[in-house]
Each structure stands twice: as structure tokens, then as C-alpha cells.
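Below is one structure, written out as C-alpha cells; the observations come after it.
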Amino acid sequence: VVSLGTVADPEHRRESLREFRWVVLEPVIAYFLCCWFLRQRGDRWRALGGWALASAAIALYSIGAGLAGSGLAVEGVVRIRGLHPHPNALALYLERPLMLAAAIALAGTRRSRWLWAIPAVISAGALVLTYSRGALLSVLLTLLLAGWLTRHHRLTVAFAASGTVAITVLVLAAPERFLSLFQGGSGSLRLNIWGAALAMIRDYPIFGVGLDQFLYQYAPRYVAPEAWPERFTSHPHNLLLDAWLRLGLMGVTLLICAAVTLLRCLRSAARKARPLGLAAGLAVVGGGVHGLVDNGYFLPDLALAFWLLAAILELELSSRAAGAPAPETG
């Protein structure tokens, strides 16, 4: 709320109010609704199962649409985007339900493992076809963490090996896309955007520039000449910088508190053998890792996913959580 009164350009306060509704007010309301309506553990399993299946359906549609010619041709590949405006946006959305389903599959029994593995594999297929390097890396790292926390050490080694092979195959199949990271491609643009964001923070260190204000400050004042093709970017492609610029030092404090709380919840979920809570936490971790190089929270679908997963974590770890015991895991 404080950020609404401290926007760098009052002429764009309307955009700030809109984003406050989209990524703060409505998702937080959804959090409380989830905490109320998903108090029974069986309801939580059904809700997340429905989300995983719906995301798999979106993944299938995106693959089909890409094959029909709606993809984005760039750097020697055709990147699918489905219903999203950009392939990276599709990847950001898919990685959370993908990690959720994959983590539950890891922790589940042999029978339930396949039920969750199917939507995870479908979403993973679409994720690969987005050619999002940040998403691929975040999913691989989070899967390794999931294998370690669930004590499936053989699966962890298998994930590491298969992930290394998959990345090698992708690099060989689409060298221009992946090697451009080191040859003046989007990697260099990211560095320019981060430099501009740091310059913006130096000018507005306490309160930042406000919600949804990065674009209106970046293009006219901070964009580097070599980054001019990306002058219409609306965020700094880093969760820490984004929180600082949108919410000021208060945003940085909230982000650090959320990270510490998440780590504690992951340890607690692993110790208490709560597969649903552990999977929800790992899905948040996956989004956070990708958020180091892209948008980690400040989109309506990402904010809603975060608060849904936060509600699941709260309910799973709360001693007041009611309902039948969780399905057997092994």
C-alpha cells in the first residue's frame, strides 16, 4: 500500500493500482479462500491434482499450437508459447505445477507415482519446447533438491545424469539458442537490464519506483544503447531487483523473510513426511530459482500460484489441519 503513494511518476499511478489488485490483493484473498475451503486434506489433493491436469492440458494445447505454426522463431529454433504472449511466460507458468507433480511422484507409492508422473512428463515436454534456459535449469536443480529431500538418492543421480544428457542434446540440436547466452544474445541483454535496475535503485533506494513502474522509468532514462531492442521490458528480470524497485526496502525485507520461512517449511515438511507440503514448497523453490533471471512473482498467474502453494504449505504443516491422513507414501 505504501508503494501506491510513492510511485516515481504519479501519471502512471493507475497502472500501479491495477497491479496491486492483480498481484497483491486478489491473490491474497485467494490464499484465505484456499485456507478455508481446503481444510480437508482430501480436498487439497484433489485441488492440486486438478491443477496439475489442467496445466498438462495447457501444455498439450501449446505443443499442438506450436506444431500448427503459432510458435516464435528465434535463434534457430521455434519456441512454443500457447496461450501466453511469450515462450518465457509459458515456461514460468508450467514449471510450478510441473515441479509439484514431479515432487509428489517422487514421494508417492508405485501406484500413485504414475498418476502424478503423467502430467509432469507432459508439462516437461512443453517446457523443453519453450527453449527457456532459465526454466530448464531451475527445474533440473529443483528436481535434484526434491530427490535429496525425499531420500531417493538413486533417482537423484538418475535425474542428474538424464538432465545433463538432455541439456547436452538441446545444445547440440539448437546451438544458436543456447550458445547465444555467451555471444551477445539475451544473456548480455540481461546484464544491461540488471545494470539499469541497479542505477534505478541508486536513484530510488528507499521506496523504489512503485508497482508496475519499471517500464516507464527504464526506456526514457536508463536503457543502454545496446539494450535498445529490449526497451519495452516491464521488469528487471531478477526477483530481488524486482521486489526492491516495486516495493522498496520493504519488498527486500519481505522477500528475505519469505525465503527463510520457505526453507524452514521445507525442512519441516520433509521431517514430518508431508509429501503435499514438500511438493508445494519445492514448486515455490523452482519458481524462485527461475526468478533469479526472469519474473519470479509479479504476474497474475504467478502470484496466484504462489499464494495457492503457500496455503497448501500452511494447511499441511499446521497442527490444526483437519481431514483424512495423506495417501500412503513410500
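Just so you know, glycine gets a Cβ as well, placed from its N, Cα and C.
All annotation found in TrEMBL is predicted automatically rather than curated by experts.
Among the features that TrEMBL reports, transmembrane segment is placed at 20-38 (among others).
Under the heading transmembrane segment, TrEMBL lists 50-70 (among others). A Cβ distance under 8 Å defines the sequence-distant neighbours of the transmembrane segment (50-70), meaning residues of its chain 6+ beyond its ends; these are 78-84, 90, 93-94, 97-98, 100-101, 116, 118-120, 122-123, 125-127, 129, 308.
TrEMBL lists 90-108 (among others) with the feature transmembrane segment.
Here TrEMBL flags 120-149 (among others) as transmembrane segment. Long-range neighbours of the transmembrane segment (120-149) within the same chain, counting only residues 6 or more positions beyond its ends whose Cβ lies under 8 Å from a Cβ of the stretch, are 52, 55-56, 58-60, 62-63, 66, 77, 79-82, 87-88, 90-92, 94-95, 97-99, 101-103, 105-106, 155-156, 159-160, 163, 166-167, 170, 174, 177-178, 181, 266, 270, 278-279, 282, 285-287, 289-290, 292-294.
Here TrEMBL flags 120-256 as domain 'O-antigen ligase-related'. Helix, strand and coil counts from DSSP across the domain 'O-antigen ligase-related' (120-256) read 107 helix, 0 strand, 30 coil.
Per TrEMBL, transmembrane segment is recorded for 155-179 (among others).
Annotated transmembrane segment per TrEMBL: 243-263 (among others), in sequence order.
According to TrEMBL, the feature transmembrane segment maps to 275-292 (among others). Nonlocal intrachain contacts for the transmembrane segment (275-292), taken as residues 6+ away from its ends with a CB within less than 8 angstroms of a stretch CB, comprise 41, 44-45, 48, 91-92, 95-101, 103-104, 107-108, 134-135, 137-139, 141-142, 145-146, 149-150, 238-240, 242, 259, 262, 265-266, 268-269, 302, 305-306, 309-310, 312-313, 316-317, 326-327, 329.
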